[in-house]
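Participant: Got a structure for you, written out below as structure tokens; questions coming shortly.
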Amino acid sequence: MALMLVLFFLAAVLPPSLLQDSSQENRLEKLSTTKMSVQEEIVSKHNQLRRMVSPSGSDLLKMEWNYDAQVNAQQWADKCTFSHSPIELRTTNLRCGENLFMSSYLASWSSAIQGWYNEYKDLTYDVGPKQPDSVVGHYTQVVWNSTFQVACGVAECPKNPLRYYYVCHYCPVGNYQGRLYTPYTAGEPCASCPDHCEDGLCTNSCGHEDKYTNCKYLKKMLSCEHELLKKGCKATCLCEGKIH
């Protein structure tokens, strides 16, 4: 079964200049993900960064907002539990990954997402972290090729020095152990989806997921009529020609 790398990101290690909003009037309510403008900022920032990957990616899906995941992300943020949620609390019709950001400053969503993405500096594509203690799992989830839905929530946790708690959920989940350091396929943008491309990102998402990492092999060995594949390899069996 596919395994997920469990990581969290401590925003307090970043310089205050990156985290602190320049506007003195900025309040937590302005970051509420119930606002359409905030949802658009989060989705747009993710898509912008997915277009910027190096080496360029041939099969990165364009991301969109997921309202069910928004509910889950906000509920977890409200708990002020500074650790990852169990997988059952971040599952919609798909299992979702999770990035956490904690800050003593009221950071913009774009700053939080950029902080995760900046881990790319510590990763050699298709090889691994440049240093043994480097954290790169937030970056790989942000740019995981088959993830096409995102939603987030934020809460204030006054009892903690890192009082602002940001949670984003990514569906379907990324960071499979089998290819953790290869979050997408290197190549010309949209080379894997020439007929389904929008500004360098693919639009042929699947809507299903594989629960096993060897579904392609299982399909050849057993065929999609087998009960094992019907339950655990829906993407492989139902999404031919789509990114999954």
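Numbers here mean position along the shown chain, with the first residue as 1.
Just so you know, glycine gets a Cβ as well, placed from its N, Cα and C.
Checked Swiss-Prot, it gives:
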DISULFID  CYS190-CYS197  disulfide bond
DISULFID  CYS193-CYS202  disulfide bond
DISULFID  CYS206-CYS239  disulfide bond
DISULFID  CYS215-CYS233  disulfide bond
DISULFID  CYS224-CYS237  disulfide bond
DOMAIN    44-170  domain 'SCP'
DOMAIN    206-239  domain 'ShKT'
CARBOHYD  ASN145  N-linked glycosylation site
SIGNAL    1-19  signal peptide
Participant: Quick one: of ASN145, CYS190, CYS233, which recorded positions lie within 10 angstroms of CYS224 (disulfide bond), measuring between C-alpha atoms? Sequence order, please.
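Facilitator: Passing the 10 Å Cα cut: CYS233.
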Participant: Test of understanding: give the count of other CB atoms lying within 10 angstroms of the CB of CYS215 (disulfide bond).
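Facilitator: Other Cβ atoms within 10 Å of CYS215 (disulfide bond): 22.
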Participant: Per DSSP, to which secondary structure element type does CYS202 (disulfide bond) belong, with helix, strand and coil as the options?
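Facilitator: Strand, per DSSP.
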Participant: In sequence order, which residues at least six apart in the same chain have a CB under 8 Å from the CB of CYS190 (disulfide bond)?
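Facilitator: Listed in sequence order, they are SER58, HIS196, CYS197, GLY200, LEU201, CYS202.
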Participant: Measure from the Cβ of ASN145 (N-linked glycosylation site) and count the other Cβ atoms within 10 Å, all protein chains considered.
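Facilitator: Neighbour count, Cβ to Cβ under the 10 Å cut-off: 23.
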Participant: How many Å lie between the Cα of CYS206 (disulfide bond) and the Cα of ASN145 (N-linked glycosylation site)?
Facilitator: 12
Participant: A 10 Å Cβ contact count, applied to the disulfide-bonded residues CYS233, CYS239: which residue has the minimum?
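Facilitator: Selected from the disulfide-bonded residues CYS233, CYS239 on minimum Cβ neighbours within 10 Å: CYS239.
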Participant: Long-range same-chain neighbours of CYS237 (disulfide bond), Cβ under 8 Å, sequence gap at least 6?
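Facilitator: Expected: CYS215, LYS219, CYS224, LEU229, LYS230.
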